[in-house]
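A.B. asks: Taken from TrEMBL, the feature transmembrane segment applies to 6-28, 40-60, 72-92, 113-133, 145-169, 181-199.
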């Protein structure tokens with residue numbers, strides 16, 4: 001069972017990782033700006049279902065598989081980079097209605113699932129968590145479930161914060177031109193993240 005000192009250590013490591021800008025958090029902020037918190041709940045759910053799944057898999061031994069087949073993780077990274085570029089493009093893509101008004105492109109459950117499945121930052125954070133906080137002297141399965149539940153509470157709160165921040169910004173920026181600028185900023189942020197990951201991948205090849 002994790003004591004208070006271990007919990008504080010865990011929070012000190014995982015909070016900065018989960019709340020820092022990354023592909024999922026940038027997308028969530030943009031979703032909050034474009035569609036608000038309520039319509040972003042499916043996106044949050046999609047991301048966190050994958051986080052829970054990956055966390056349990058790694059906690060129950062997927063990490064050992066990755067050690068023997070590192071090219072598998074490299075493939076995930078490359079696919080993730082391509083999908084992040086696609087999301088950056090999607091940010092700028094707007095459909096027009098018959099009266100020439102711009103419609104909101106909603107990011108939903110499957111966008112969250114696909115992004116997190118291919119998100120190398122999220123997966124590496126899970127490897128770090130289990131390498132630091134999994135105690136070999138205790139029941140591995142129980143620890144994997146406990147750490148996963150703790151992580152889910154933390155990530156959901158962080159994701160709600162990012163969506164709410166994006167939504168909060170729109171209260172001060174109402175004209176179309178300014179919102180378009182924000183779309184470009186979020187899109188550029190995703191591109192920068194993808195390029196940073198690409199440089200890392202090139203170094204591994």
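Note: Cβ is positioned from N, Cα and C throughout, glycine not excepted.
Where the annotation comes from TrEMBL, it is an automatic prediction and has not been curated.
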A.B. asks: For the transmembrane segment (6-28), name the stretch out of 72-92, 145-169, 181-199 with the most CB-CB pairs under 8 Å.
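C.D. replies: Top-ranked stretch among 72-92, 145-169, 181-199: 145-169.
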A.B. asks: Could you give the residue numbers and ranges of same-chain residues that sit at least 6 residues beyond the transmembrane segment (72-92) on either side and whose C-beta is under 8 angstroms from one of its C-beta atoms?
C.D. replies: 23, 27, 30, 65-66, 105, 111, 114-115, 117-120, 123, 183-184, 186-188, 190-191, 193-194, 197-198, 200-201, 204-205
